[in-house]
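Peer 1: Here you go, one structure.
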Amino acid sequence: MNKVYNTVWNESTGTWVVTSELTRKGGLRPRQIKRTVLAGLIAGLLMPSMPALAAAYDNQTIGRGETSKSMHLSAGDTAKNTTINSGGKQYVSSGGSATSTTINIGGVQHVSSGGSATSSTINSGGHQHVSSGGSATNTTVNNGGRQTVFSGGSAMGTIINSGGDQYVISGGSATSASVTSGARQFVSSGGIVKATSVNSGGRQYVRDGGSATDTVLNNTGRQFVSSGGSAAKTTINSGGGMYLYGGSATGTSIYNGGRQYVSSGGSATNTTVYSGGRQHVYIDGNVTETTITSGGMLQVEAGGSASKVIQNSGGAVITNTSAAVSGTNDNGSFSIAGGSAVNMLLENGGYLTVFDGHQASDTMVGSDGTLDVRSGGVLYGTTTLTDKGALVGDVVTNEGNLYYLNNSTATFTGTLTGTGTLTQEGGNTRFSGLLSQDGGIFLQSGGAMTMDALQAKANVTTQSGTTLTLDNGTILTGNVAGDSTGAGDMAVKGASVWHLDGDSTVGALTLDNGTVDFRPSTTTRMTPAFQAVSLALGSLSGSGTFQMNTDIASHTGDMLNVAGNASGNFVLDIKNTGLEPVSAGAPLQVVQTGGGDAAFTLKGGKVDAGTWEYGLSKENTNWYLKADTPPPVTPPTNPDADNPDAGNPDAGNPDAGNPDAGNPDAGKPGTGKPDAGTSSSPVRRTTKSVDAVLGMATAPAYVFNSELDNLRFRHGDVMQNTRAPGGVWGRYTGSDNRISGGASSGYTLTQNGFETGADMVFDLSDSSLAVGTFFSYSDNSIKHARGGKSNVDSSGGGLYATWFDNDGYYVDGVLKYNRFNNELRTWMSDGTAVKGDYSQNGFGGSLEAGRTFSLNENAWAQPYVRTTAFRADKKEIRLNNGMKASIGATKSLQAEAGLKLGMTLDVAGKEVKPYLSAAVSHEFSDNNKVRINDTYDFRNDISGTTGKYGLGVNAQLTPNAGVWAEARYENGKQTESPITGGVGFRINF
């Protein structure tokens, strides 16, 4: 480089000094230089030849508008406090140095080839280029300023402030840079940085070909390593973060609050995660040889991978079964591959998610660890939960052993199912939702388990000193039994229910409005055949209900056996069948206690056992079911289906209305002798099922006779309305009949129906004959005195003939067939619904004769006599509670005599005949047989005399059309009909 020097006299030193032609400040002024030109030339001639001397520049300003736009420093040249403005350039090379240079917008400082720059300040728009052996030390890069280090250049101690940038590229290097908030350091294409400190808000970008070593990331400082970039020995402190986007990192140390994020294509090797630090691996990210110390955390997302992981005690792994993870922990080797996790250790924030179709085997869930099993995920081997370890998931399938270790205080809400087992050793757990473990539940070492609003199906094995609590509506189905140490205690409260699935043993059982159910529930697998179940207790206290089963027919049933004291109040809700006991009246024990003041009562007060009802009896400290033996009372007269005892004077008296009361042979097997004598011996009370059968056996007779009664009014006025050549008629009828019966078999029969027919009338010499056919239908609702509502659907038809003459005589005959479709509905004493459907055929008829007399011009009288007969065929029926009944042929034979008094009026030109009627009827049938369970015979006696009273009116609207209406009241030994009504019409051809 060509340089021009001046030789000037320095008065202060008394010597000649060689200076650059650019020197002004601090030297002689230009006019003084001109005065010494001659002296200089002389000196040049006189002095010997010598090399050029180094130049020193202080406080120079270069750039556009200045005397000089550039400054070149080399070979020992120095410059201090230089200001480089827009367009100005300073070149520092070959031993030149610049100190405290200020580079403003548009200014450039080039440091290369052995040049050096110290303490430069790069402001907005200013640039410093360090290359080819140049070096820059302690540079400050401010907002908008840029330092570029490349091609062998180096920078040390650069401070990059907010908005400033440092680029280290193409063989450049930077050491000990400090990147502050908002500042950036870019490293790429062979650039190397070391010991960079990235502070709050600062950013370091390591790109393709760049490398960063010993970087320290402080609060919110970030290091971004993209594809082809590498970072080594990075230290990540609290709030700092390293992001690997295809780049690689080795030897990273992550401290409390620090984070490393490894994304797609990124890799990290030999990372150490200290307490509070976290390494996060995303899809297609890969880490290897990560060491997790106590309190540190490795999180691997689905599609990410981590290998050769060292999980120290207290270290946490957060991952799922769609990741690939392997390494060692306190329990040995662990791995996740192909949707299968093996030997995972989850503690101190560790979390494993098992996805649908995936599985986890031999998982250890420690304090603050979580195992999350999604629907379709499966647990195998031994899954262990300790301390505050948690199992979560909407649907968890356990095919292994789910083991809650001592001191576990875990809670579970969701569905836990599978063929595995659940073991709790010590601790206090709580389960809600749904639980089903085919392998059973094992409660050990003083453990306490609470089932809170849980639907559970599992057999439970307890040890002495353990406690199982059912609370808040829990339903448990399964056996509970002890082991060789004894049986644990149990509490059933808060409307909870325990369904026993077989014989069970409990230490101390406490009921707090809970229910223990011996019956098979919808979730059990018990066979339809009855199997008695026993519950053995050490002691019993509280209040609640025991729902039990008995089969008195085979003299067997469930047993509650309390070895110690029993105290409190308990209800026995006992179900039995309609089957007949082999040995009638033998007591059946249902409760045994070792002592105490416990009180047991029978729900409903009774239990059905085939034909008879049984009650609860106490003997010493034990309780038995025994056949009732109360005295008989008067039968009911006002049954009510909605309240079986309403209007029933024998309510609370179990044998009221028993026709065999006082008859020792009545109802005995095979006697068939209901009237074998009298006795003062107490009798048993029939069940509601028997009473319903007895009542339904008589219903066809009452239905048929009611229809036949209404049929006799088909003509209205037989002589006036029945005219040749004939006609058609129709009639609606409705009635409400209260029917008493033996053995409390009374009922209310409500009938609604119609009849319609047609006939032809033949005129004889002094009389007429009507011959016709008809069809009838009625719906008959039966409300049993002791509860239940049955129905008889009756349809039929027949033939009739009526003869009458001009003197007022008439004879009327009817033949009728009926089909009865019977639906029996009642319930047992325990509330179990009972039903049985069957059909019967019935045949019958009536014959009536009478005469109409004129009392005066308008009044008339019509006496008559009438007889009816009916027979329904016998029927074998079976109820759904197992009861059988043989209904014999039901017969009815009645005779009736009556009188109608009326008058004939002319109303608006129409003939109207109001009338009153009275009659007395007697039923002769008193021996209709019914046999129950092939054992007990009953006699339905429907005989008795009945008074009938009515009023009606016939109106002849036209010569060929008439209408009529009638209302009647009936009262007799067996029946009372407060009102029976009918309306009809006839049209003659």
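The backbone N, Cα and C atoms fix where each Cβ goes, and this holds for glycine too.
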Peer 1: Which of the listed residues, SER238, SER539, SER886, has Swiss-Prot annotated as O-alpha-linked (D-glycero-D-manno-heptose) serine?
Peer 2: SER238
Peer 1: Here are some residues: SER120, SER132, SER680. Which is flagged as O-alpha-linked (D-glycero-D-manno-heptose) serine in Swiss-Prot?
Peer 2: SER132
Peer 1: Name the residue among SER211, SER226, SER745, SER839 that Swiss-Prot annotates as O-alpha-linked (D-glycero-D-manno-heptose) serine.
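Peer 2: When Swiss-Prot is consulted, O-alpha-linked (D-glycero-D-manno-heptose) serine appears for SER226.
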Peer 1: Swiss-Prot annotation O-alpha-linked (D-glycero-D-manno-heptose) serine: which of SER173, SER181, SER436 has it?
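Peer 2: Comparing SER173, SER181, SER436 with the record, Swiss-Prot tags SER181 as O-alpha-linked (D-glycero-D-manno-heptose) serine.
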Peer 1: Look up SER100, SER333, SER543, SER795 in Swiss-Prot and give me whichever carries the note O-alpha-linked (D-glycero-D-manno-heptose) serine.
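Peer 2: Of the listed residues, Swiss-Prot records O-alpha-linked (D-glycero-D-manno-heptose) serine for SER100.
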Peer 1: Go through the glycosylation sites SER113, SER116, SER176, SER294 and tell me which ones have a CA within 10 A of the CA of SER94 (O-alpha-linked (D-glycero-D-manno-heptose) serine).
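Peer 2: Neighbours among glycosylation sites, in sequence order: SER113, SER116.
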Peer 1: Measuring Cα to Cα, tell me the gap between SER119 (O-alpha-linked (D-glycero-D-manno-heptose) serine) and SER176 (O-alpha-linked (D-glycero-D-manno-heptose) serine) in whole angstrom.
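Peer 2: Between the alpha carbons of SER119 (O-alpha-linked (D-glycero-D-manno-heptose) serine) and SER176 (O-alpha-linked (D-glycero-D-manno-heptose) serine) there are 14 Å.
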Peer 1: Can you name the residues of this chain that are 6 or more positions from SER230 (O-alpha-linked (D-glycero-D-manno-heptose) serine) yet have a C-beta less than 8 Å from its C-beta?
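Peer 2: Result: VAL206, GLY210, SER211, ALA212, GLY247, SER248, ALA249, THR250.
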Peer 1: Using a 10 Å radius around its CB, how many other CB atoms surround SER170 (O-alpha-linked (D-glycero-D-manno-heptose) serine)?
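Peer 2: I count 18 other Cβ atoms within 10 Å of it.
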Peer 1: Nearest to SER188 (O-alpha-linked (D-glycero-D-manno-heptose) serine) by Cα, among SER113, SER131, SER162, SER294 (glycosylation sites)?
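Peer 2: Nearest in space to SER188 (O-alpha-linked (D-glycero-D-manno-heptose) serine), counting only the glycosylation sites, is SER131.
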Peer 1: How many Å separate the Cα atoms of SER305 (O-alpha-linked (D-glycero-D-manno-heptose) serine) and SER294 (O-alpha-linked (D-glycero-D-manno-heptose) serine)?
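Peer 2: Per the Cα atoms, SER305 (O-alpha-linked (D-glycero-D-manno-heptose) serine) and SER294 (O-alpha-linked (D-glycero-D-manno-heptose) serine) stand 21 Å apart.
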Peer 1: Do me a favour and check the Cα-Cα span between SER294 (O-alpha-linked (D-glycero-D-manno-heptose) serine) and SER113 (O-alpha-linked (D-glycero-D-manno-heptose) serine); whole Å is fine.
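Peer 2: Between the Cα atoms of SER294 (O-alpha-linked (D-glycero-D-manno-heptose) serine) and SER113 (O-alpha-linked (D-glycero-D-manno-heptose) serine), the distance comes to 51 Å.
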Peer 1: Within 10 Å of the Cβ of SER162 (O-alpha-linked (D-glycero-D-manno-heptose) serine), how many other Cβ atoms are there?
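Peer 2: The answer is 16.
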Peer 1: Which of these glycosylation sites is closest to SER131 (O-alpha-linked (D-glycero-D-manno-heptose) serine) if you go by CA atoms: SER113, SER116, SER162, SER170, SER176?
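Peer 2: The smallest Cα gap between SER131 (O-alpha-linked (D-glycero-D-manno-heptose) serine) and any of the glycosylation sites is with SER113.
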Peer 1: According to DSSP, does SER305 (O-alpha-linked (D-glycero-D-manno-heptose) serine) fall in a helix, a strand, or coil?
Peer 2: strand
Peer 1: Nearest to SER170 (O-alpha-linked (D-glycero-D-manno-heptose) serine) by Cα distance: which of the glycosylation sites SER113, SER116, SER162, SER176 is it?
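Peer 2: It is SER113, whose Cα lies nearest.
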